[in-house]
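Enquirer: Here's a structure for you.
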Amino acid sequence: MERVWLLFLLAIRVSPGSAQFNSYNCDANLHSRFPAERDISVYCGVQAITMKINFCTVLFSGYSETDLALNGRHGDSHCRGFINNNTFPAVVIFIINLSTLEGCGNNLVVSTIPGVGASGNATTVQIGNISGYIDTPDPPAVISYLPGLLYKFSCSYPLEYLVNNTQLASSSAAISVRENNGTFVSTLNLLLYNDSTYREQLIIPSIGLPLKTKVFAAVQATNLDGRWNVLMDYCYTTPSGNPNDDTRYDLFLSCDKDPQTTVIENGRSQRGRFSFEVFRFVKHKNQKMSTVFLHCLTKLCRADDCPLLMPICGNRKRRDAQSWTTWAPQSTSGNAVLSAGPIITRSDETPTNNSQLGSLSVPPFQLNAVTSSLISGMVILGVLCFSLLLCSLALLHRKGSTSLVLNGVRNPVFE
């Protein structure tokens, strides 16, 4: 009997004249089916997590938008979604603000992952994973002929960002250095600034930074004496706070450097500094804003040995191999991965007057010597041709006028 009822319900749903989808933006030929995994889209945004569920398959299953709720909170209207019928197909949208994560029972799990070139606790990063589900209520009866719907979602963010997503988060690393007379611990920090004075830390507006805004970064060390300097080996960016993200863009590594990146100071003092112009990751093409996280693989080196660790770029020859054998084991520390972000960028506006923005104006057209000579020659040639044309016309005019005058001997016959 149950099978008969189920077949009857399916027959009603797929009938051509069915008013099942009402006025919603659905296609009976495409959406007369039960939901599948592809019917939910999850967007891990910079300020909120957004889920979009295919509403047409929800209708086909016998439910309405009020039957869907976050984490079984069907009695709380704040945990329900809303319909957007301006898309195809129509969708039910759920939005979770990062500032109110636990309002509808979402689950937050903190995990610790190693960074690039991990060296103990000095290179660990804490990641917060937010997960939950959207489902339909259980029927009050013992049995039901309607399928239960369940959609799962998950997003990961740096823990510092979840704690206060209105400010930039920067990580610090405690790095130990062994010397002949013992071991000391120094703390490294990666900070972002507004300009080259390195006085005011970078503030990200709620709408994000325009593309090509210049950002200044600094790695600073504490508890160091004058014998040790900071050396940045490798700095790169990722779209997430995970320094091991497969999607990354290198700013500088050895002699390879992004054209928009300028290394101001490295290996010469207890602070490393550089600047770069912000961009967006292509994977965020469907979003108005993009997140950029900065990571730097950093170490400490003795002031006398830092020049030996610096790459030799350009046409100069590589240092003699003997100079590389003079390092003692305690000449450098272990590596530490420092992170900062998110740097939120927007792509819907063009930078205008802003002291922090890179100049986007088109440079005035300038002529080089060769181009100027060619243009001058063409002008002179044109003037000569025009003068010759005028002279030719003048000669033709005089010849025509002379031919009209009749000269000769007087004929006596006509007298």
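Cβ atoms are placed via backbone N, Cα and C, with glycine included.
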Enquirer: Check the candidates N129, N164 against Swiss-Prot and report the one noted as N-linked glycosylation site.
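Expert: Checked Swiss-Prot: the N-linked glycosylation site annotation sits on N164.
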Enquirer: Which one is it, C235, C255, C313, that Swiss-Prot ties to C296 with a disulfide?
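Expert: Swiss-Prot says the disulfide from C296 goes to C235.
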Enquirer: Would you mind checking which of C26, C44, C301, C306 shares a disulfide with C155 in Swiss-Prot?
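Expert: Swiss-Prot lists the disulfide between C155 and C44.
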Enquirer: Which one is it, C56, C104, that Swiss-Prot ties to C79 with a disulfide?
Expert: C104
Enquirer: Look at the disulfide annotations in Swiss-Prot and name the partner of C255 from this list: C306, C313, C385.
Expert: C313
Enquirer: Taking only the residues in the domain 'ZP' (43-320), give me the average pLDDT of this model.
Expert: 82
Enquirer: So among the disulfide-bonded residues C44, C104, C235, who's got the most Cβ atoms within 10 Å?
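Expert: For the disulfide-bonded residues C44, C104, C235, the Cβ with the most other Cβ atoms within 10 Å is C235.
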Enquirer: Round to the nearest Å and give the CA-to-CA distance linking C155 (disulfide bond) with C255 (disulfide bond).
Expert: 36
Enquirer: For C313 (disulfide bond), what is the secondary structure by DSSP, using just helix, strand and coil?
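Expert: C313 (disulfide bond) sits in coil per DSSP, no helix or strand.
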